[in-house]
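Chemist: Would you mind keeping the following structure in view while I ask a few things?
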Amino acid sequence: MRILVIGSGAREHALLRGLSTDPATTELHVAPGNAGLGSIATVHPGIKADDPEAVTALAKELNSDLVVIGPEIPLVAGVADALRAAGIAVFGPNKDAARIEGSKAFAKDVMAAQGVRTAHAEAITPGASSEDIDAAIDRFGPTWVVKDDGLAAGKGVVVTPDRAAARAHVDAVLEGGNPVLLESFLDGPEVSLFCLVDGETVVPLLPAQDHKRAYDNDEGPNTGGMGAYAPLPWLPEDGVQRIVDEVCVPVAREMVARGCAYSGLLYAGIAWGAEGPAVVEFNCRFGDPETQAVLALLKTPLAVLLNAVATGTLAEQPALEWEDAYALTVVLASYNYPEAPRTGDVIRNADADNVLHAGTALNAEGELVSAGGRVLNVIGVGETLEAARDNAYTTIKDIELEGSHYRSDIALAALEGRISI
């Protein structure tokens with residue numbers, strides 16, 4: 001298969017690595033890519049990922065058998081629709097189905113129709129009076145959850161015990177032109193479960209846990225994700241199946257009923273409380289950085305699997321096979337991420353096999369430099385969670401990037417038995 005991957009981050013690097021080991025893969029291309037992907041795929045840097053016409057033209061030019069879309073923005077922009085209209089197999093949902101991430105209000109409506117457990121929510125639209133906003137905020141708390149009802153790269157959510165901070169985020173989102181969703185706070189540890197979905201066929205991958213806050217001990221602002229690990233030693237034995245049965249299958253069924261059948265990767269962000277799983281959010285694509293850990297453990301050929309989803313034959317595939325191990329991702333972020341990341345700093349000692357590229361580029365001198373907030377990912381795999389952590393942190397400590405930072409506590413709470421249900 002000739003495969004084109006759309007995106008430019010470490011998630012796409014992980015997808016390319018997985019696809020490259022599948023004997024069914026004959027050619028790999030990526031657009032727009034980054035500075036670390038040239039050794040594994042042909043990079044097409046001039047292509048805008050969210051331009052349906054440009055992506056479709058490239059796929060036709062390359063005679064692609066399969067296009068795999070990594071990020072959410074191209075999906076919400078209708079890139080998958082354009083590819084399908086051109087007769088090209090694509091892994092990723094159509095624009096209508098991508099609303100499961102693009103509109104939190106739409107996701108709430110889908111869940112309500114199927115009785116899926118989630119937080120109570122209330123929308124505030126641009127133009128609402130100050131008095132109405134205050135009244136809505138007073139109906140929630142004392143821990144406020146304020147969400148930008150649009151795409152925010154994982155950084156549009158504020159969870160705070162401070163009413164003034166909650167109001168400030170409401171105002172900021174409304175001033176940006178998007179509605180706001182206020183939600184009740186869901187207690188319990190979070191689970192990221194990726195499911196391959198082909199209509200009403202749902203196949204779960206390994207459960208993972210993301211670390212959203214910028215700094216150790218879950219301090220600092222929300223980010224796109226600073227690290228993740230898989231699987232979850234603290235999740236009940238029936239945990240994955242409960243999420244599939246109580247969340248993902250009902251949602252897939254509802255999408256079919258609404259005429260926007262889902263085809264691609266459905267990411268369920270779950271809070272596991274006293275009554276079991278409740279939905280925090282849905283994403284319409286592989287999560288970043290959880291994907292990097294999950295795919296490191298997948299033994300089943302990835303190209304064949306994604307193509308089965310794209311061609312409507314997922315139900316015919318054999319059960320997935322996994323390594324009996326743990327995997328962990330640690331993100332190396334640039335100076336002042338996530339507020340105003342500095343770019344252009346030279347990166348050294350990043351040549352290890354377990355390093356994935358995200359925000360990287362080459363400068364005029366041909367040096368590897370930072371080109372985004374999340375710059376590199378380091379993957380650790382081991383028979384135990386402790387061994388996986390050791391492998392990742394041994395590598396990341398040697399990488400040089402001025403002003404960079406990373407969390408030193410990825411999976412530490414799980415390792416020390418501090419997560420309980």
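A Cβ is built for glycine as well, from the same backbone N, Cα and C atoms used for every other residue.
For 137-192, the entry in Swiss-Prot reads ATP binding site. Summarising the annotation, Swiss-Prot assigns Mg(2+) binding site to Glu281, Asn283 and lists sequence analysis as the type of evidence. Taken from Swiss-Prot, the feature domain 'ATP-grasp' applies to 108-311.
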Chemist: State the Cα to Cα distance, in Å, between Ala165 (ATP binding site) and Asn283 (Mg(2+) binding site), rounded to an integer.
Modeler: 25
Chemist: Whole-number answer please: how many Å between the C-alpha atoms of Ala172 (ATP binding site) and Asn283 (Mg(2+) binding site)?
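Modeler: One finds 23 Å between the Cα atoms of these residues.
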Chemist: Going by Cα-Cα distance, which of the binding-site residues (Ile137, Leu151, Pro179) sits nearest to Glu281 (Mg(2+) binding site)?
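Modeler: Smallest Cα separation from Glu281 (Mg(2+) binding site) among Ile137, Leu151, Pro179: Leu151.
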Chemist: What three-state secondary structure does DSSP assign to Ile137 (ATP binding site)?
Modeler: helix
Chemist: Between the Cα atoms of Pro179 (ATP binding site) and Asn283 (Mg(2+) binding site), what distance do you get, rounded to the nearest Å?
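Modeler: So the alpha carbons of Pro179 (ATP binding site) and Asn283 (Mg(2+) binding site) sit roughly 18 Å from each other.
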Chemist: Which three-state DSSP class does Ala172 (ATP binding site) fall into?
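Modeler: Looking at the DSSP assignment, Ala172 (ATP binding site) belongs to a helix.
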Chemist: Return the single residue from the binding-site residues list (Ile137, Ala165, Leu186) that has the minimum number of other CB atoms within 10 Å.
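Modeler: Fewest other Cβ atoms within 10 Å, among the binding-site residues Ile137, Ala165, Leu186, is found for Ala165.
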Chemist: By a simple count of other Cβ atoms within 10 Å, which of Leu151, Val158, Ala172, the binding-site residues in the record, is least packed?
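Modeler: Ranked by other Cβ atoms within 10 Å, the binding-site residues Leu151, Val158, Ala172 bottom out at Ala172.
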